């Protein structure tokens, strides 16, 4: 869909158009200004791709040529014309403004010797009207020929989009650039952006698509969340109102839905999930939302007409219409407990289906095959339509788990790696997965199984069984300690020793008790915070029962377990406080620099950094329990009860960031704001030296916020901002902790540093999410073989966090600092307030306000008056009374 016309591409490469054609966008010649019926566009070549703009159309031919018609610049083209300038360009995307065009493509390079063709990195070409600066060339000049947008030539662009008078580009590094005129550009800069500017706030969100609307922008992230900002007319932003958002805000309606696609037209938008459910919102004019009432929607609503047995193939939004291509002829494929519905048109053969599902489920193609309803395996070349005509409505997808070199019943081992063989660790094989009873058997096996196996099992078992089920399996194992060693013995492991049946069973039972003891000691958090009575009661009954004779056979071990049970019964949740150390053991604390009320200048920067580090370590980082890091508990519906300490540390990160912005922006004069910024940089640099990375990243996040980033009067020495020395410190922090290349600089630095150290928690949470999403929970279709290798990967990260929690910082706490730094805060409606203050400090004209006490917003002004240590002049009978601050505030 375009602004007022629609294009359709058929399988045979022909194109039809209909709608308004006054500007030549229909491609049907000057005599056809409008048509209500689709009409064939006369082009001599086969078309493979089509693009519809506001008043333009573009076509890519099979040979790679570009054809365009419509209103471009000052010219109207009524029939598709070839643009020879792009004959040697592999076009990847096209975006249209009202009278402008942007093309993303990779120049084709020819090797003179080998005659082989290669593609250069993708670049953007633009031309047309630029009244609002939306060509990004640095001015508003109309361009009649395609010109490369050099500002983005080195950014490796992957996708582009255009709104009415602004454009966006997404890079392969998942950065977003914006230029043109659009209220709320999310860059911290005022007015039209005549050149591309980086959109702030997406450093860790991993955008995968950007879509420009009329005066708004949408971003879809890798996690399936949707963000929007701009003018909210008709509820187009999806936030439940019609307000203007100057910063990206997540559409809350989609927080628990996995969105895989989004499109926007003039004043409405659509998004759809992986299972094909389509939602629409914004202007309901001309019934563009598909809800049969023509009403506007400020929150996404499901389009019921598309949810009834239809598979979404493609969706496009125009100015006031939506076109959806669906496949009614579908085939259902069952896999495990899920059903996939695929359009027969797009996947006509069995081989196509298997390749699609292999990519979807992260499986190897050679490990998958399809069965018909009779259980017969289908060949890759079999036609899906023929299979359906034979009466098969539902097919079964089967996965063949690779057993590699070792197999012991339903316990699967990984082959030894070269590194393990070199280090002599091949004596104990690593478990890839297995049925739960077999995992329990290996946990209590009478031969060496490796310390890591037991640790990983007890750390992660709650991802595939409950505590009650684990206890039940352990008791079963004690009752039936039969050991299957035949296949293990055939592996010729160095650690394997011949044992009598009685000895093997005795050791197996002993290891059941040792596992219980380890469970109760090293993983006591499993039993705190909820009612552990049933588990504790069953363990006690098991130990004391005359049926099992545990106490008689293992008196010492059973006695230890009973004492642990008693301790757990009376144990309360731990209260975490900052440990007190003798001053002789620690760095001597600094003395106050002044006797006034507390502020960031009262103590030295290194002392404030030490106090922040004490708070971060003892009151937040050390409290995190291993179970909170399993199964993305911090992002689930019960996150408050399942991951309270992770959430607290995330909240602390955001709070520090908001506090930093508040401290700098509430400086009454430019000198005060600059002094505050320099002191915060000094504190961040001292935190960096203390390996206290979570707060350093929080401070850098504040500096990158739209409200602070735009303040040239703070950040540029030539504009009276921070000193060159402070600017150099900030540059070092930004380089060392750069988010580029998956934060490789930070990772290398952190791994090389000795403890104590506090990691940037967000990086670990991202790694855990990647492992959790990228690896299946089970190895088989019936979900009986637990993917234990996935648990090993998760445990390897969690164990690092656990080790860091054992190395505390030894500093003397200063009660005044601790109290003040614990009770920091930002503003209510923080983003809106800070940006309003920022705009008052530096206006669109570039004029800088030195004294912010006369800010015209009464609500914000009252907030400033209520800020501790903020000294604003008060008006009385036409006279301004000033009070002198005791610090650089």
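Glycine is treated like the rest: Cβ placed from N, Cα and C.
The annotation repeat 'RCC1' is assigned in TrEMBL to 13-63 (among others).
Taken from TrEMBL, the feature repeat 'RCC1' applies to 122-173 (among others).
Among the features that TrEMBL reports, repeat 'RCC1' is placed at 224-275 (among others). Broken down by DSSP into helix, strand and coil, the repeat 'RCC1' (224-275) contains 6 helix, 23 strand, 23 coil.
Mean pLDDT, taken over the repeat 'RCC1' (276-328), works out to 88 on the 0 to 100 scale. Annotation source TrEMBL lists repeat 'RCC1' at 276-328 (among others).
Per TrEMBL, the feature domain 'N-terminal Ras-GEF' maps to 427-569.
The domain 'Ras-GEF' annotation in TrEMBL covers 604-844.
Counting residues per DSSP class in helix, strand and coil order gives 0 helix, 25 strand, 26 coil for the repeat 'RCC1' (13-63). Under DSSP, the residues of the repeat 'RCC1' (276-328) split into helix, strand and coil as follows: 6 helix, 24 strand, 23 coil.
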